[in-house]
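The site 'Transition state stabilizer' feature in TrEMBL is assigned to Arg15, Lys22. What TrEMBL lists as site 'Positions MEP for the nucleophilic attack' is Arg169, Lys229.
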Amino acid sequence: MTTLAILTAAGSGTRLGRDLPKALVDLAGFPLVLHAARRLAASGVVDSLVVTCPPGLAVEVGELVAHDPQVGLPVRAVEGGSTRQASVAAGLRLAAADVDVVLVHDAARPLAPPGLVRRVVAAVRQGHAAVVPGLPVVDTVKRVVPTSPDTVTRAEGPLAERVVETPDRGLLRAVQTPQGFDRPVLVRAHEDGARRADAEHLAATDDAGLVEALGLPVHVVAGDDAAMKITTERDLLVAGLLAEEES
Ligand code: C5P
């Protein structure tokens, strides 16, 4: 039985303000997707990779990853969908018959260390069907509701909302990727999620959320600061410093 990592790299990364997809943006000399693939491979617990790629770039990105000597794993590439959830589902359809554990990892977290990958896979192999890395939340987090009907459509600009709840910060976790799954559970979660996405036009932002919706338990292991997500130019600067420190 083998472990497959689905590396999601099909996002446009518009918030980064570059004219190329985020996964291809350079970090310390290499594109984000290559950093992520190298660290998955270095874990020693991943047997093959499927990369979800931006439209029209499956061949280019697939070759980039497959021909990298530090990756050295069988690599397949597929065009992603219009949402992250659809991209993961497309990757999952390419899983070979002998795959029993599936990791889903975002190229937007290029520095997620090999030790974190091993921790997630070990927890799945110990019997947890769904595993997420989580970090304590340092900010106090509020749940809000819009106070005027047009607030929800205004992504930027002055906020018109009010606080309805302050959850106990000690019970909150910021979750990262890679997330790890028993393959049949992830397949069922995506089938169920696709039905809801069609009916409610709501796509999940992570895969564990789809497992939760089935009413199944999701196990948390310690996350890692280095698995930070790159969304803004500032994140890229911080990741650049971390990558320098690493080498
Ligand atoms: O947009 P965001 O940063 O939340 O995306 C998280 C990850 O999902 C990124 O690695 C991105 O490339 C990937 N993604 C994808 N297909 C999409 C949207 C995002 O593979 N349609």
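Heads up, the Cβ atoms here are built off N, Cα and C, so glycines get one too.
Note that TrEMBL annotation is computational and uncurated.
With respect to their backbone Cα atoms, Lys22 (site 'Transition state stabilizer') and Arg169 (site 'Positions MEP for the nucleophilic attack') stand 31 Å from each other. Around the Cβ of Arg15 (site 'Transition state stabilizer'), the number of neighbouring Cβ atoms within 10 Å comes to 13. Residue with the densest Cβ environment among the recorded sites Lys22, Lys229: Lys22, by other Cβ atoms within 10 Å. Across the fold, the C-alpha of Arg15 (site 'Transition state stabilizer') and the C-alpha of Arg169 (site 'Positions MEP for the nucleophilic attack') stand 28 Å from each other.
Taken residue by residue with DSSP, Lys229 (site 'Positions MEP for the nucleophilic attack') is part of neither helix nor strand, so it is coil. Arg169 (site 'Positions MEP for the nucleophilic attack') has a Cβ environment of 12 other Cβ atoms inside 10 Å.
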